[in-house]
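Annotated features in Swiss-Prot:
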- 116: active site, proton donor (ACT_SITE)
- 23, 24: phosphoenolpyruvate binding site (BINDING)
- 92, 121, 122, 123, 124, 125, 161, 162, 163, 164, 306, 328: UDP-N-acetyl-alpha-D-glucosamine binding site (BINDING)
- 116: 2-(S-cysteinyl)pyruvic acid O-phosphothioketal (MOD_RES)
């Protein structure tokens, strides 16, 4: 079991960091490659545990998968239609295999997935969407099993609630359906737009992505193509917050400002000087006072839930107090008790956290509880006084590509160590 050992410092985190491709776009795109009858090349794919698991799953299904810079996938030889428990037990994204399998092959089954411990993430919306396209769904022996006689049929679908995952499932499956599908109350996240752009690159006819109404005109087959994954807006925001809370100056390269406008607006409200270019974002906190801000998470284009933990830390270190309201997931303040172990001030009332006016942090042994919470603990360790040990860092490996190397380049003193060496 590996942990992070961090020697805290009052030295600002400053420098340049190159942002990786977005995990939340790369995963659905890799699964969507199952729709293609010809080879596809996907560039700018981050090197993450979930990506490795997805590539292994595609191989298990019969696809040829290799990585040489880009990820190359040839799904022409897929001959197995089951995503087994041993591969998907740690990754809820595996549900995205179901839509492409049933759309192209008429059948598919996926073990009910796992993932982060941040509340209920039911697959009901995925199932309901596929049923409206004509699939028959059964839940048996821990598996979601889908079948259709012939092709799926286009439908007018109104999502019961805004869901990124279910929007992707329905959008991908509908590409090979007979007729046109109109998906209303669709999620609008940039990663959905990117997935749609990939689908169009291999021959799909998807329009309206980025709005709440997506139209998919079904085609008989999808070929091959090339696509470059969009930049990771959450990794971008995480490093911007790291610079802000440490009083540093940073340039994030290979990223786009339009992906995280709500986050940039809150950073400016917190007192940071934020500048943007075609493929970069800079933040300068030198000589500036960090001010607490109020945050309410909501579906895109509002403030993203995946940046909530990082802004919880920002508010703790800022002047004044800020109110953070979490509307997307229950049980997503699990990082706060860990930050309190380091001396942070916060009160939790239901889905609201009030934090601020923390007079410095002290190093401590803390435990990561989910992907984004772990990022806030790592940043806290960088600015705390003394040594911090972050346990269960396998969470962070699911979503951040070489985070310790990137933080080291900004001046942090962080190393990955085995438990036996502590």
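Numbers run from 1 along the shown chain.
Yeah, the Cβs are placed from backbone N, Cα and C, and that goes for glycine too.
Residue 124 (UDP-N-acetyl-alpha-D-glucosamine binding site) sits 20 Å from residue 24 (phosphoenolpyruvate binding site), taking the C-alpha atoms as the reference points. A helical conformation is recorded for residue 24 (phosphoenolpyruvate binding site) in the three-state DSSP classification. In this structure, the binding-site residues 23, 92, 161 were compared by how many other Cβ atoms lie within 10 Å of their Cβ, and the smallest count belongs to 161.
Of the candidate binding-site residues, 122, 161, 163, 306, the one lying closest to residue 24 (phosphoenolpyruvate binding site) when CA atoms are compared is 306. One residue stands out among the binding-site residues 124, 306 for having the most other Cβ atoms within 10 Å of its Cβ: 306. Fewest Cβ neighbours within 10 Å among the binding-site residues 24, 163: that distinction goes to 163. Each residue contributes its Cα atom, and for residue 92 (UDP-N-acetyl-alpha-D-glucosamine binding site) and residue 23 (phosphoenolpyruvate binding site) those atoms are 13 Å apart. Other C-beta atoms found within 10 angstroms of the C-beta of residue 122 (UDP-N-acetyl-alpha-D-glucosamine binding site) number 11, with every protein chain shown included. Residue pair residue 163 (UDP-N-acetyl-alpha-D-glucosamine binding site) / residue 23 (phosphoenolpyruvate binding site) shows a Cα separation of 17 Å. Distance noted between the C-alpha atoms of residue 23 (phosphoenolpyruvate binding site) and residue 122 (UDP-N-acetyl-alpha-D-glucosamine binding site) is 20 Å.
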